[in-house]
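Feature annotations, reproduced from Swiss-Prot:
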ACT_SITE  ASP351  active site, 4-aspartylphosphate intermediate
BINDING   ASP351, THR353, ASP702  Mg(2+) binding site
BINDING   THR353, GLU442, ARG489, LYS514, ARG559, THR624, GLY625, ASP626, ARG677, LYS683, ASN705  ATP binding site
MOD_RES   TYR294  3'-nitrotyrosine
MOD_RES   TYR295  3'-nitrotyrosine
REGION    787-807  region 'Interaction with PLN'
REGION    788-1043  region 'Interaction with TMEM64 and PDIA3'
REGION    931-942  region 'Interaction with PLN'
TOPO_DOM  1-48  topological domain 'Cytoplasmic'
TOPO_DOM  70-89  topological domain 'Lumenal'
TOPO_DOM  111-253  topological domain 'Cytoplasmic'
TOPO_DOM  274-295  topological domain 'Lumenal'
TOPO_DOM  314-756  topological domain 'Cytoplasmic'
TOPO_DOM  777-786  topological domain 'Lumenal'
TOPO_DOM  808-827  topological domain 'Cytoplasmic'
TOPO_DOM  851-896  topological domain 'Lumenal'
TOPO_DOM  917-929  topological domain 'Cytoplasmic'
TOPO_DOM  949-963  topological domain 'Lumenal'
TOPO_DOM  985-1043  topological domain 'Cytoplasmic'
TRANSMEM  49-69  transmembrane segment
TRANSMEM  90-110  transmembrane segment
TRANSMEM  254-273  transmembrane segment
TRANSMEM  296-313  transmembrane segment
TRANSMEM  757-776  transmembrane segment
TRANSMEM  787-807  transmembrane segment
TRANSMEM  828-850  transmembrane segment
TRANSMEM  897-916  transmembrane segment
TRANSMEM  930-948  transmembrane segment
TRANSMEM  964-984  transmembrane segment
Amino acid sequence: MENAHTKTVEEVLGHFGVNESTGLSLEQVKKLKERWGSNELPAEEGKTLLELVIEQFEDLLVRILLLAACISFVLAWFEEGEETITAFVEPFVILLILVANAIVGVWQERNAENAIEALKEYEPEMGKVYRQDRKSVQRIKAKDIVPGDIVEIAVGDKVPADIRLTSIKSTTLRVDQSILTGESVSVIKHTDPVPDPRAVNQDKKNMLFSGTNIAAGKAMGVVVATGVNTEIGKIRDEMVATEQERTPLQQKLDEFGEQLSKVISLICIAVWIINIGHFNDPVHGGSWIRGAIYYFKIAVALAVAAIPEGLPAVITTCLALGTRRMAKKNAIVRSLPSVETLGCTSVICSDKTGTLTTNQMSVCRMFILDKVEGDTCSLNEFTITGSTYAPIGEVQKDDKPVKCHQYDGLVELATICALCNDSALDYNEAKGVYEKVGEATETALTCLVEKMNVFDTELKGLSKIERANACNSVIKQLMKKEFTLEFSRDRKSMSVYCTPNKPSRTSMSKMFVKGAPEGVIDRCTHIRVGSTKVPMTPGVKQKIMSVIREWGSGSDTLRCLALATHDNPLRREEMHLEDSANFIKYETNLTFVGCVGMLDPPRIEVASSVKLCRQAGIRVIMITGDNKGTAVAICRRIGIFGQDEDVTSKAFTGREFDELSPSAQRDACLNARCFARVEPSHKSKIVEFLQSFDEITAMTGDGVNDAPALKKSEIGIAMGSGTAVAKTASEMVLADDNFSTIVAAVEEGRAIYNNMKQFIRYLISSNVGEVVCIFLTAALGFPEALIPVQLLWVNLVTDGLPATALGFNPPDLDIMNKPPRNPKEPLISGWLFFRYLAIGCYVGAATVGAAAWWFIAADGGPRVSFYQLSHFLQCKEDNPDFEGVDCAIFESPYPMTMALSVLVTIEMCNALNSLSENQSLLRMPPWENIWLVGSICLSMSLHFLILYVEPLPLIFQITPLNLTQWLMVLKISLPVILMDETLKFVARNYLEPGKECAQPATKPSCSLSACTDGISWPFVLLIMPLVVWVYSTDTNFSDMFWS
């Protein structure tokens, strides 16, 4: 039934053709069940395991690798001789990597879809209904309830469907609907129509929503919606319809994969076409097909060389390390890619209750009467410190602590707070915190009594459990609570009837009253001044109400409660307590004692975090279900708004937002910093608008109502104390529910991205080098310098370790003083592409050069000519060009070993270059990142392992090297450092001046002291002797060029 909240009870019952006392007939139930189905949320049809596995192979890079593995496998199948076993190593290793990646991907996907299933925990199992087949109430399975059913609900029940209340059988009905609306206190319900058809859920005071809990009272109602038509069902549909966005990093890697695949395809085709003339060479037995297959194998090797196989593993490792660091800061990351997304967050949409505030109602101000003279009076105003339920804080007057027992008015005020109260404090030993037992408002009063300690109770030596209610217990020992007159909407107050535990002539029964100031003060005839009772005059009443109005509408927007006493109430037997309409008669002729002002206070550390966000160029938007006045007041206190800032176009209620045109709504999302009284649909709409501006949005939430927006935003952040639905729909969970933790996580995300950029570039330059190497050997007609299994080893192991270590680079000191990076900013800029292309070309040329050196100039090598080397495929005994040359020498493992050793060594030097994007190694020595030094040592040790430990040399088709050969490797490798230092110098001084923190604002002088400033002399002293020794030793290097 649409808009049931706007209809009268009679209209709703008439719509379903049902009587409240008898319920539906079995025939009606059958028809309604056929029409509306079961009252349950349908199970989400998840993807099958096969679908999830296939999905993991949709990535372009993965598909290219898979194709390369399949082709390698087919080629290995037809391999002959000794190479048969080693030929299978390459496809096997590639497939192993792909399977491992797929397993990780499937595991993450499985976790992600739990959010929709978690909604089922809010479905009650049973419900109590009236139906015509039985004369009394009957318990049935909640899934069998249909629209039109008459349902009975009482305290402790979970509401089984969306229900329009028809009658309330207790004084009041309170409902905890925080999971759905985010309201921090339980809501009082009534049966009157709410005429507004566009009312938000918070304002539908005559409706009960499926999955919410009855906090107090008993009532009956008619079911108006079941299953997916309930409010919680609509949230489920919204979550199902929400597609998960790919993170900026995933998008960048997708783009990179596309570009790389095109480049790889072009180079592979080019290599194959260049060598068409060699297809008929004698080495292939004169068979054109054999020659074509041989060069096709080289093209496949090229594809393997060009793809950074280690990149997914290194990225996963780096993100996993980042999650561990975040976990130490109380941010538990559920989705690895979201770690990096945090780094480019430009908007944080934060819930108010529990995130920006403590969600622990706290009395912060109170007043009692000091003096009264006719129509004028003066007040004693007090402030109270402490912003949690912990009974720690003090009462201050004019910023100085006071002893409360010195004020009679405060003693009576504390007595009312303790006795007119059904809540208590409890110390949770497991969590180590004080928690509320009962209502938030009443717990705040209990905590206030503990801070006041009006009877000067000795508190030292008490355990934390005993301390929780020590002062309240002293007051409760003095008077006994006989009965309670429950809160009702008409009088807006509640009271308790108390008698002294030790009767005497002076002590007598009293009624203590608390409630909304306008309701209580209108029924006060007197005011308490010290221990005396003075008549209430219009002037005094006006003064009291003006202070209360100021507290309620000022910068604090406090929730005020008036506290009063009835000194001479009727005796219990004279009261008619069966009818709650009589309660107001017994709460008249009251004496006003004082007033307390409370609020859900902002967390202490939030203001500094909001300031840090502003410095970092991140906009903070508060989105709350609370009312606008309270929301704006908290915004002012934490710095989202300035104290006197005009919030006309910067703060909206859900209703005001709905009334705007679509273009005005877009503009509102661009400028607003506060949305109050909102529903789940508003949150999702706000996220959509922000995403249309290319903003990267982090959304916080804890309730079921937050789940769709958490899932839709780039970063969904759930509270540790939140619902299971919110947690499973989000990428990150805050263990301490603290906004400041988000800011710390953003900082960590930025540092991770910077480091990730370094190792991605490092791996790419390595792959460029491998591609250039294979392309050069094919173009020059040289024997293979590197084979696929060697390239896999380099890409996965020897490159992977330093790349992972680069994730430990220390973050920049000014990382939170820069605006968020543009998510569309390329991973590699034009200059950096040129830089790494230049380095890559040197890596490739050096690798080919090392292999050529062994053939042409090395002692112990064949010393063939360049022509013979470039036409080695024509080598046979009867060819005069190869007279005296043993053709088997062209299959020697030495040149491959030289090429592989140069490639590994040069990559270690390149890792040192990647320590900083633009800073010189002379100023930032390797030990700035000790993990990098360790990983380089480990990579070189692994290289020695495959060189010198049998049978590894056989698998990798390499052989041990002697000292001269190692010196040659170093001679060829070390210049890459000089080359990158030159490119860094150009970047620092001509292309990106001022980007480095160390860069001086003025042009540096050319004096020797200025040039040597900041140089790490220990590094210079360490490296210089090595360089001199390497380059002073003769290795026949020049013979290669003069032969």
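Glycine is treated like the rest: Cβ placed from N, Cα and C.
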Field: Long-range neighbours of the region 'Interaction with PLN' (931-942), counting only residues six or more past its ends (CB under 8 A)
entry: 797-799, 801-802, 804-806, 808-809, 904-905, 907-908, 911-912, 915
Field: Selected stretch (most C-beta pairs under 8 A with the transmembrane segment (787-807)) from 254-273, 757-776, 897-916, 930-948, 964-984
entry: 930-948
Field: Secondary structure composition of the topological domain 'Cytoplasmic' (111-253) [DSSP: H/G/I, E/B, coil]
entry: 41 helix, 42 strand, 60 coil
Message: Pairs of Cβ atoms less than 8 Å apart decide it: which stretch in 757-776, 828-850, 897-916, 930-948 has the most with the transmembrane segment (964-984)?
response: 897-916
- line: Min neighbour Cβ count (10 Å) across binding-site residues ARG489, ARG559, ARG677 flags ARG489
- request: For the topological domain 'Cytoplasmic' (808-827), provide the mean pLDDT of the predicted model.
  value: 76
- request: Six or more residues out from either end of the topological domain 'Lumenal' (777-786), which same-chain residues have a Cβ under 8 Å from its Cβ atoms?
  value: 271, 274-275, 278, 295, 298, 301-302, 305, 770, 847-848, 850-852, 869-873, 890-891, 895-896, 899-900, 903
Message: Give me the CA-CA distance between ARG559 (ATP binding site) and THR353 (Mg(2+) binding site), in Å, as a whole number.
response: 15
- prompt: By CA distance, which of the recorded positions (TYR294, TYR295, ASP351, ASP702) lies nearest to ARG677 (ATP binding site)?
  reply: ASP351
Message: Quick check for you: of the recorded positions TYR294, TYR295, ASP351, ASP702, which have their Cα within 10 Å of the Cα of GLY625 (ATP binding site)?
response: ASP351
- prompt: Rounded to the nearest angstrom, how far is the Cα of TYR294 (3'-nitrotyrosine) from the Cα of ASN705 (ATP binding site)?
  reply: 62
- line: Per the Cβ under 8 Å criterion, with at least 6 residues separating them from its ends, the topological domain 'Lumenal' (949-963) contacts 86, 89, 787, 789-790, 793, 893-894, 896-898, 900-901, 969
- prompt: Looking only at the topological domain 'Cytoplasmic' (808-827), what are its DSSP counts of helix, strand and coil residues?
  reply: 4 helix, 0 strand, 16 coil
Field: Distance check against ASP702 (Mg(2+) binding site) for the recorded positions TYR294, TYR295, ASP351, ARG489, keeping those with Cα within 10 Å
entry: ASP351
Task: Using only the residues recorded as binding ATP (THR353, GLU442, ARG489, LYS514, ARG559, THR624, GLY625, ASP626, ARG677, LYS683, ASN705), report the maximum Cα-Cα distance in Å, whole number please.
output: 36
- prompt: In the same chain, who gets a Cβ under 8 Å from the topological domain 'Cytoplasmic' (808-827) while lying at least 6 residues past its ends?
  reply: 248, 251-252, 256, 321, 343-346, 612, 615-618, 694, 696, 746-747, 750-751, 753-755, 757-758, 760-761, 915-916, 928-929, 931-932, 997
- request: Using a 10 Å cut-off, grab the number of neighbouring Cβ atoms around the Cβ of TYR294 (3'-nitrotyrosine), all chains included.
  value: 18
- prompt: Counting only other Cβ atoms and using a 10 Å cut-off, which of the binding-site residues THR353, ASN705 scores lowest?
  reply: THR353
